Amino acid sequence: MVDVSVKSYLIGWKEFWKNKWLMAYILTLIVSLADWIVSLSFFCKESVRIRRILRPFFLLQNSSMMKKTLKSINSTLPEMMSVLLLLAVHLSLFTMFAMLLFVRTKDNQQDKEWVVYFRNLPDSLTSLLVLLTTANNPDVMMPAYSKNRAYSIFFILFTVLGNLFLMNLLTAIIYNQFRGYLLKSVQSSLLRRRLGIRAAFEVLSSLKETPASGQQSCVSVGALLQVLQKAEMDSRCKQAITRSLKMCSCDQLSAAQFQKLFEELDKDAIKQHPPSPEYQSHFMQKMQFAFGHPYFGYLGNVIALANIISICVVLVIDADKQPSERDDFFLGAINCFFILYYLLEMLLKILAMGLKRYLSYPSNRFDGLLTVILLILEIATFAVYGFPHPGWRPEFMGLLSLWDMVRLVNMLIVFRFLRIIPNMKFMSLVVTTLLDLVKNLRAFAGILVVVFYAFAITGIILFKGAVVSLGNTSAANSTHGNGTLKCGTYEQLEYWPNNFDDFAAAVVTLWDVMVVNNWQVFLDAFSRYSSPWSKIYFVAWWLISSVIWVNLFVALLLENFIHKWDRRCQRESLSDIEYQRTVELMFR
């Protein structure tokens, strides 16, 4: 309420009433306050709290990027709705065809398709909706296909039209709408900043004591330096602008010169690595050349690959052995040898490059950190269990058993193998694309968190306690009622942890439905345990998460990768320049 009051005061009531987000903010506060009063009147024992579902709104309305993203999604909705409507027509037509094809006959043996999948309209619609995601393929087809192979044409035609054509068309439409979205966002930010710089120029030029009559507006270099000292900006940019000002021969800056100064803000810094140490000894110079050469790094990659292969061989040999029969001598000896090599490699690289230059490379920091951790773990293992020897068995003597210590070392060694990524250009491009995507997806991830939260809370309200576990008996042999548990059902698959009894379980259940593998099991179970109308909840979640959001993620991934690939193809040699210009490429 304080936040709303401050914002209304700052922007004025006239603008306040035009702002839809602030109006929604007030409405949310009113509903939350009313719900809170109701909670107090029930001594906080009420089963439904509306304000819990409304909480994510406060996150949305405080993020400009999330608002912008929602605006873009809103502009895409008409095109998406047209395809979704086409999907609905496709689904409805084929549902009617299915009910006409798979009708009840006198022979119960031949009516398995009708009994299991197409008994009535809701069952028929559900079966084909799940088939649209291919989750129940080929199960849904098998009874009819066993009776007559010609029935397969119906299911294949439905899948081709729905899954291959319409669903991919939806992905294409979303990609087309979001193509250039990230670049447009950056462009608009740059444009606003340049307008701000021009406004700053006008303010500074108007504050001159002696305005120049008949001349164009200009700004004093001294005045700009005073302002820069108090301004908050990246230290690199501030130093570059100050350096340019001190080198400037003139005392007054025109608008064009003023704007050009701030181009430092539009440049990406290329990190300059510290120089290597200069050795006087001829032997040390040779050592520096040998161990600082890229081939020495390639040798390290080959050694790391050999380490991975040796671990795999030992694990395959010991796969079927009981813990009491396992001898960890070979694996322990292999780990000891390779860790010593990694330590030697790190020390030689530091000798050749110097500590500062070595640490200036992220790949070296990654290698060095893991090598130090591996060395500490190996020393701890030797301190507790002694050096590797025949009959070195996984006894439990310290915090972890010998086998646990060896496994932890092996997992870190496997993780260390990621050092090869920077040496493979295309793989490096893919990884940097993913890292950039993580930065650009913050707004989308925030909205996804909001949607997950809202659906999880709604699911808890609707389905908490609906599913009751049958116990810890084996699902393969147990009976439910008077019959054996049916294969492929929620009970037989022991999906009991997938429920809405608490928030964490609800989030995992929603994730499992979003992946759509076996999501028909959830549709069936919750319609039996709660209400047939529960299918609406799961279908709505599937539409928002799997259909819209996953396609949106694919579109953004494509956009980011294509932009990165374009920059890679057009990039010039950067060895002799300090900065890489990116603005012209963005506005190309």
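For all residues, glycine too, the Cβ spot is worked out from N, Cα and C.
Straight from TrEMBL, the features:
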DOMAIN    3-178  domain 'Ion transport'
DOMAIN    305-561  domain 'Ion transport'
TRANSMEM  21-43  transmembrane segment
TRANSMEM  80-102  transmembrane segment
TRANSMEM  114-133  transmembrane segment
TRANSMEM  153-175  transmembrane segment
TRANSMEM  295-317  transmembrane segment
TRANSMEM  329-348  transmembrane segment
TRANSMEM  369-388  transmembrane segment
TRANSMEM  400-421  transmembrane segment
TRANSMEM  441-463  transmembrane segment
TRANSMEM  536-558  transmembrane segment
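If you count C-beta pairs under 8 angstroms between the transmembrane segment (329-348) and each of 369-388, 400-421, 536-558, the highest count goes to 369-388. In this chain, the transmembrane segment (400-421) touches the transmembrane segment (369-388); three or more CB pairs sit within less than 8 A of each other, excluding pairs fewer than 6 residues apart.
Residues 300-301, 304-305, 307-308, 311, 323, 326, 328, 331-332, 335, 338-339, 342, 363, 366-367, 370-371, 373-374, 377-378, 380-381, 384-385, 392-394, 427-428, 431 of the same chain, all 6+ positions outside the transmembrane segment (400-421), place their C-beta atoms under 8 angstroms from a C-beta of that stretch. Confidence across the domain 'Ion transport' (305-561), taken as the mean pLDDT and rounded to a whole number, stands at 80.
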